[in-house]
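Participant: Structure incoming, see below.
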Amino acid sequence: MSNSPRIPFLCLSVIVSLRPCVVGYHTGWPLQATKLHTRRSPMQLTVKAIGGGDTRDEEGFDFYSRDLQKQITLESTEYPVIDDDVGSKAKRWMKRPFQWIGRRLSKPPKPGKLILLRCGQSEWNANGTFTGWADPDLTQQGIQECQHAARLLLAEGYEPDLVYTSRLKRSIKSAAYVLSELGTLFLPLQKSWRLNERCYGALTGLSKKETAKAMGASVVQAWRNSLKARPPPHSKEDPYYPGNDRRYADLSDDQIPLSESLLDTMKRTIPLWEYKIKRDIANGNNVLVVGHGNTLRGLLKVIDDVSDVEIQEVNLPRGIPVVYSFDKNLRPQPAGKKLSQLNTNAIFLEKPGLLQEALKQQDKWREMVPGLDEDQIRPQVARDRTLVDAMQQLRAEQRAEIAITGVDDMSFTAKDDTHSPLGNERWDDDPSEFEDWDEFSGDEFEDRSSPFLSWTPASVSPVSENKRPALKESDPVVVFIRHGRTAHNNLGLFTGWEDPPLAPDGIEDAKRAGRILKQHGFQFDVLYTSWLARAIETGLYVLDELDCPWIPVIKSWRLNERNYGALTGKSKAMIANEYGEEQLKRWRRGFKIRPPPVSSYSINYPGNDFRRIKYVKDLRVSWTETINRSIEQRKFQIHRKFPKTESLHDCMKRSIPFYTERITKEAIHRGKRVLITSHENALRGILMHLCGIPEEAMNQLHIPNGVPLVYNLKANCITLLEDNESDTQISIEDFGPAAKYLFRPCELDDGFFEESTVERTEASQQVENDPVSDTPPRINIEEDMEIIVSRDTDSSTTPPMNGSSFSELTP
């Protein structure tokens, strides 16, 4: 990186930037010295503790405090991160008096713990570049640091309940790696700009060494270490100016910094601590904050009341969690004889420096043993079940035997699968797609060998063959993606609510979906997903490809896969041997037929997953389970009615209301662009609602893994997207016989034609003003109601469609 041309321009700002800066929050309030008052709000006392002094009279400060509290509330409640009751408002209001009485009668909870973790090493940390609000990715060492931190938390028994992070990629991905290692990706995660790193202004993107050589080490060190000195500010034309980034579109101009001192950075974290994190801890939640060095130091300064001078000596190493315990008044408890740092009460879970030595040793191992896999030198926190391991080993052995002998010993199976009840139930033998699939019966489709020739309408085809009404950047859109493949999918096991991670090919499924969406210019405002790791990971990989991991991610159990009850984790052959082939058919093909339920004491019963059940607020209470578990625990313990088994109809009864009552109201009606990563049966229900798919055809709809389905709300139709970088394309045949309902022709109302008339007029005016072309635009209305604004041009001058913008997309 050559940054030297920018450095001389910074010299002009040195004298101004080194003068004593005004210490305050970016709100536009002038800071004035006033007489001390005897009564102050907690926010006022906190600002004084961090070094701001008494800045306002009592009335003005209370208004300022209430305004900040309102900001924090709006930031955290735009999308509720925990499921609320999806029922009627009247029902929720009726519950409130009882909830209030319950809170008054119950004992106040014991305060939770605060876990602070600095994000892993970024690419710019590694090459010595001023980073600030720029957004480089993590390095491999940074990923290892996060995984190591998670293992330290596991070893000490710390389990976070809520997670806070900044809006910067390195912090968000650090939190994701920690939660993945802990097996708690389902936890609510709030991304706040108040936890962003210090804004280095015009220094952002410059080499630290080159800047120090050009301007003097003392000047650069003063910017870096002085509590109140600000570096030269951004210009608004600077590519690193945060105001040009859409992730900060919800912030006012006063909230977007041009440059920040250490004190500025620390002060903007105060409202988040006072009005969110502190209250979460008071309610008994263990809170994990994954942030940056300077913002975490701001929290340390507030919690421990560290002086301005002493806070400059406090340092938080990467990869080592720092833990606070609190008494009932939320005062930090002393660390005692445990490892801590001077001037703080925080407990360090490991001595700094040990991790770096271990990482160096790993690098030496890699040099000595070429091809050494990362998983071979670190323990696995969560392994697949023994059955999965055994079946994977069996598959590997069979592949090895075929490779050695050249003979496939599996060739003795039935030659005519159409007469075998448990034969090949697909048009291609791809076991990776198996999770819940139903056979095609001859009485439902006349031509079994080629079921698509008789009914596929001409208008049903991929984008390149069926041009649909163009989707504008302002149009609301919903994109559905089924999660990538897992080991259970590849082995043909019923997965349900089991929680295996993505397999390597499943990770590629998710990344490919993200690349396809990026090719067509898609952007999203919010992601909805289930509580299961495979769906969450798929969404995170897609967002990473789109370079927008900072958007809100809402996780709900209502988007979980169908609960298969006692069939969970078993293969089709195992179930057929235990219950019979005909019974297996009925469970899989019946719309309202439930498999056998699991026991209340089974590991597959969702109510036994104590990490998740605390977040379920929208299931009615099971009094039988409540009584039994209260007797067992010898204390009153409310237990909700979690499903022990589900039919396809049961699964849809929870996914469709979540879409109509939650996603539609809080996102779609507000013009948000929505991404949903979920599971086949949950998506089937939503698509059944949107596309009018009849019940009898639902089991004949297959949704391939990792394929984006674009739903145009205006035209009320589903579209497939081309992968411009691949020769293999997904076609409607991959969706099964019920695809004729899914890919029906678009509905165009009168408003669409009126809008097209306006566009035609505007296009005509553009042509009149265009001296290059004399060819007027034309409107083509074809049989499938396609409307195209085009111009007759020579084909040799027509630009290619690859990499088209979002406005050019024709779903």
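For all residues, glycine too, the Cβ spot is worked out from N, Cα and C.
Since we're looking at a predicted model, the values are computed, not measured.
From TrEMBL, for reference:
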type	residues	note
SIGNAL	1-24	signal peptide
BINDING	118-125, 131-132, R170, 197-200, K208, 293-294	substrate binding site
SITE	H292	site 'Transition state stabilizer'
REGION	414-433	region 'Disordered'
REGION	759-778	region 'Disordered'
REGION	790-811	region 'Disordered'
COMPBIAS	795-811	compositional bias 'Polar residues'
Participant: Let me spell it out: for each of the binding-site residues (R118, K208), count the other Cβ atoms within 10 Å of that residue's Cβ, using every protein chain shown. Which one has the most?
Facilitator: R118
Participant: Where R198 (substrate binding site) and H292 (site 'Transition state stabilizer') are concerned, what is their Cα separation in Å, rounded?
Facilitator: 8
Participant: How many other Cβ atoms are found within 10 Å of the Cβ atom of Q121 (substrate binding site), counting all protein chains shown?
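Facilitator: That number is 22.
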Participant: To the nearest whole angstrom, state the Cα distance for the pair K208 (substrate binding site) and H292 (site 'Transition state stabilizer').
Facilitator: 18
Participant: Please list residues from the chain of H292 (site 'Transition state stabilizer') whose Cβ is under 8 angstroms from its Cβ, counting only those at least six apart in sequence.
Facilitator: R118, C119, S166, L168, S171, L195, N196, E197, R198
Participant: Taking 10 A as the limit, how many CB atoms besides its own sit near the CB of R198 (substrate binding site)?
Facilitator: 28
Participant: Could you check the binding-site residues W124, G132 and say which one's CB has the most other CB atoms within 10 Å?
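Facilitator: That would be G132, with the highest Cβ count within 10 Å.
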Participant: Helix, strand or coil for H292 (site 'Transition state stabilizer')? Use DSSP.
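Facilitator: Looking at the DSSP assignment, H292 (site 'Transition state stabilizer') belongs to neither helix nor strand, so coil.
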Participant: Does DSSP give R118 (substrate binding site) helix, strand or coil?
Facilitator: strand
